[in-house]
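Straight from TrEMBL, the features:
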type: ACT_SITE; residues: His11; note: active site, proton acceptor
type: BINDING; residues: Val15, Gly17, Asp19, Ser21, Glu30; note: Ca(2+) binding site
type: BINDING; residues: Pro106; note: substrate binding site
type: DISULFID; residues: Cys13-Cys18; note: disulfide bond
type: DOMAIN; residues: 1-146; note: domain 'Plant heme peroxidase family profile'
Amino acid sequence: MAASFLRLHFHVCFVNGCDGSVLLDSSGGEKFALSNLNSVRGFRDVYGIKRIVESACPGVVSCADLLALLTRDSVVITRGPSWTVLLCRKDGLASKRLNETDAAVPSAFDTLDAIISKFKRVGLDEKDVVSLSGTFNMCSQVTSHN
């Protein structure tokens, strides 16, 4: 699930700044954008975990924080790096439109220059392009090459 959570978090951060808005089921919204269809997975798992968290402490943990924590913790469990997660994010109340989402998220069809440009728009650099592109290849076979 680490790769699924990481990709889901990556996509939502590129579009609306890590506000969890990709989890919204709005028609014509970012969840259903071309760049997310058949690409981001893990929605059912996030919703299930959110239900459990809500039953224990209703209204305390935002979807945005939950997704950030799930991503970080699942990466750590797979022996990846850890990082500090700043909490108290507010959930997005609206999802970006399909075309805005597709314009923001790097695509497999983008040139390297276009991908770097999209990364720079959200404060990331070329090193981040390499690091995050590699995360989409998380699997047990890759760990033997460390």
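Each residue, glycine too, has its Cβ placed from N, Cα and C.
Structure with TrEMBL features highlighted.
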residue : record                 : contacts (Cβ under 8 Å, 6+ apart)
Cys13   : disulfide bond         : Val122
Gly17   : Ca(2+) binding site    : Val122
Cys18   : disulfide bond         : His9, Val12, Ala64, Leu67, Ala68, Arg89
Asp19   : Ca(2+) binding site    : Val12, Ala64, Arg89, Lys90, Asp91, Gly92
Pro106  : substrate binding site : Phe14, Ala114, Ile115, Lys118, Phe119
Glu30 (Ca(2+) binding site) has its Cβ surrounded, within 10 angstroms, by a count of other Cβ atoms equal to 29
Helix, strand and coil residue totals from DSSP for the domain 'Plant heme peroxidase family profile' (1-146) stand at 81 helix, 2 strand, 63 coil
The number of other Cβ atoms within 10 Å of the Cβ of Val15 (Ca(2+) binding site), counted over all protein chains shown, is 26
What is the interatomic distance between the Cα atoms of Glu30 (Ca(2+) binding site) and His11 (active site, proton acceptor), given in whole Å?
9
C-alpha of His11 (active site, proton acceptor) to C-alpha of Ser21 (Ca(2+) binding site): distance in Å?
10
